[in-house]
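These features come from TrEMBL:
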- 1-13: compositional bias 'Basic and acidic residues' (COMPBIAS)
- 649-665: compositional bias 'Polar residues' (COMPBIAS)
- Cys111-Cys138: disulfide bond (DISULFID)
- Cys169-Cys196: disulfide bond (DISULFID)
- Cys229-Cys256: disulfide bond (DISULFID)
- Cys287-Cys314: disulfide bond (DISULFID)
- Cys347-Cys374: disulfide bond (DISULFID)
- Cys427-Cys454: disulfide bond (DISULFID)
- Cys487-Cys514: disulfide bond (DISULFID)
- Cys547-Cys574: disulfide bond (DISULFID)
- Cys607-Cys634: disulfide bond (DISULFID)
- 1-21: region 'Disordered' (REGION)
- 60-87: region 'Disordered' (REGION)
- 646-665: region 'Disordered' (REGION)
Amino acid sequence: MGVEKRVGVEEGGGKGGWGWRRRVEKGVGVGGGGAEGGWGWRRGWRRGLGLEEGGAEGVGVGGGGWRRGLGLEEGGGEGDVDCGSPKEIEDGTMVLVDGRTTHGAKAVYECTTNYTIVGEDTAVCSDNGTWSPEAPQCLYSWCPEMTAPAHGQLVLSGRRSGDTATFSCDPGYNLHGVKTISCELGGTWSGEAPSCRFIDCGVPEDLRDGEMTLVNGTTFLNSVATYECGDDFWLEGEAERVCLEDGHWSGVAPMCLLIGCNEPEVPTGGYVTGYSFDVHSEVEYHCETGHYLTGDTIRVCLRNGEWSGSAPSCTYVDCGRVPPMTRGEVFYLNESTFLGSHLTYTCNQNYKLIGDGHRVCERDSRWSGEAPKCEEIRCSEPEHPALTRHTITGNDRRMSSTVARRRDPKPADPYTYRVGSVVTYRCERGYVVQGGGMRTCSLTGNWTNDPPSCKYVDCGQPENIEHGTWRLLSNETFYTAQVAYECPENWKLDGRLRRFCQENGTWAGETPKCIEVLCSPLAKDLTEALSVEEGDRKVGSTATYSCEVGRTLVGEATRECRQHGIWSGTQPRCEWVSCTMPEDIENGRIVRLNETLLYATVVEYHCLPKYRLDGPFMRTCTTKGSWSGDVPRCVLDTEDYGVLGDNTVDGTTNSARGTSPGSLEEASNTGLYVGLAFGLIGVIIVSWPFSSCF
């Protein structure tokens, strides 16, 4: 008899631990309640039994407990049961839960680090006086029990170092995690056990310009999604996709593309307009010049991607040249004779066209209509109104003729005149031609204008003139009558004083005008110091003169424009403004900065030592010819200031001269005065003895 170890889960074996499958040899038997003279197991043991080969013969396990070899019989008393100390294990510890070993006591086993417990970690003192199950083992490099994931399977090659656990999932589930893990030294697995998740590919992306449909309304494994495009679109890609085991839809999402047709064929001698080839688009066929089109002119792109109908054809047509024209010419527009070409006929000068002068090349290769002809243009005898005489010139058969009066308006033998002949009409004296006095034989064969008539000459009322009057000397407006013109005061006549009625019924010369009398522009002074405001220079207006600043006007400031455009008086002039010599001041002096006393001249006032100036330091000659401001005065100064020695500015002692501050009598008697005015610099040195006055 022998015992074989297997790793895995067998019926009755330990879940996640050791299990046993008995191999029966000769002499070994198993009873329903246990073994008679051999090994026996009771179904339902969950963890390792800790049994090895060579168990004691005659040991058996029955439905009521151990029957042989252990000395126990079914139904022993529980009150006297004491299982004794549980078996210790190597590389692990045992702990009594409540510190007793009697019936119902529990012992808990735990392995040290890097060791794995093989068997049950808890033993209970049974009623037969033994710990059940037997003590487990702590084995190095044994990994913990591994279970199959929910909705999956596990194939375990063992639990020792190097063994593997391989996982798989049920149909419709996808493995999330590592498919295979291995048992490593120290009794740990190389990774976490994976899980099986339900496969769901999710809703596929929408289809633009189309529709996506889930056939069964699901997105699980093997679900089907179908795609369909809207009108005017076709599907690019697969029309059906399936949810795969990897949780993705098969293939790639299709697209809906706008239906389009290929570029339409173009016939020889033709061309196509229309640059969109999408569905419902239209293209139009045309033929090149000289061709005509046979077939459909318009074609439409259909939903099947094809153009409607078929391409038309273009046929070339040439009508050739027509025979030359007598007394005329033929002109071919664009110098072409093919289909649609045009030609025109023209006649030589003084000839007219009889027939249609325009022809077109048609599809039958012929020119439209019939060829026209050229005939000479002639005018009939012109009319002869009463009181007229006329002269005809420029004819080919009679170079000129003059008819004074004709009783019969239409002669018995009518005479014709060529184009360009001219008839000139005149009236008897005292009459004027009413209408065109000259007529010409035109290219239409008619005389230009209507025949004139003769009307007694009347020049009519003369036109009025602005600001003036006229009067008829004989109170008539007929031939030789006269009109006189007059202008009012301060206006003068520009033009003829009189005009007469001429033979042609118009007043001789131009109509005069009344022009207002103006004074001439006034001359300006050459120095430009004098200016004048003239106004409008009409009679009665005045001109005003003025001078520039610093000058005064000599003469009349205004002049009047008088009758006949003459200015009153004479032109004034401008002279410089001059001031009188300024008054002297006591205990001081006046310094002039220039030699004149004209406008803008500046004078300065200076006081003697020990005096100070009360009033303005400078005065200016103004436009009024007087000095600005009041005359200053020099008053005695109560404070003692040193005299500037040798032009020093602080009054300190001058050792070379032997003076000291405040010594007026011995100090230098020379001072420096500088005056500034209007950009001019004048320097005057004034000397005085301090012991005496000026």
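If you go along the chain as it appears here, the first residue is 1 and each next one adds 1.
In case you wondered, yes, glycine gets a Cβ from its N, Cα and C as well.
It should be emphasised that the depicted structure is a prediction, and the values quoted were computed from it without experimental measurement.
Features per TrEMBL, on structure.
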residue : record         : DSSP class
Cys138  : disulfide bond : strand
Cys169  : disulfide bond : strand
Cys256  : disulfide bond : strand
Cys287  : disulfide bond : strand
Cys427  : disulfide bond : strand
Cys487  : disulfide bond : coil
Cys514  : disulfide bond : strand
Cys547  : disulfide bond : strand
Cys607  : disulfide bond : strand
Cys634  : disulfide bond : strand
Cα-to-Cα gap, Cys547 (disulfide bond) vs Cys427 (disulfide bond), nearest whole Å: 72
Proximal residue to Cys169 (disulfide bond) among disulfide-bonded residues Cys138, Cys256, Cys574, Cys607, Cys634 (C-alpha distance): Cys138
All-chain count of other Cβ atoms within 10 Å of Cys487 (disulfide bond): 19
Euclidean distance between Cα atoms of Cys514 (disulfide bond) and Cys634 (disulfide bond), Å: 75
Rounded Cα-Cα span from Cys607 (disulfide bond) to Cys514 (disulfide bond), Å: 75
Same-chain residues at least 6 apart in sequence whose Cβ lies under 8 Å from Cys111 (disulfide bond): Ile89, Asp91, Gly92, Ile117, Cys138
Cys196 (disulfide bond) to Cys347 (disulfide bond) - Cα separation in whole Å: 106
For Cys374 (disulfide bond), the number of other Cβ atoms found within 10 Å of its own Cβ: 20
Cβ neighbours of Cys454 (disulfide bond) where a neighbour is any other Cβ within 10 Å: 20
Cβ atoms near Cys514 (disulfide bond) (within 10 Å, other residues, all chains): 18
Under 8 Å by Cβ from Cys607 (disulfide bond), same chain, sequence gap 6 or more: Asn587, Gly588, Leu613, Cys634
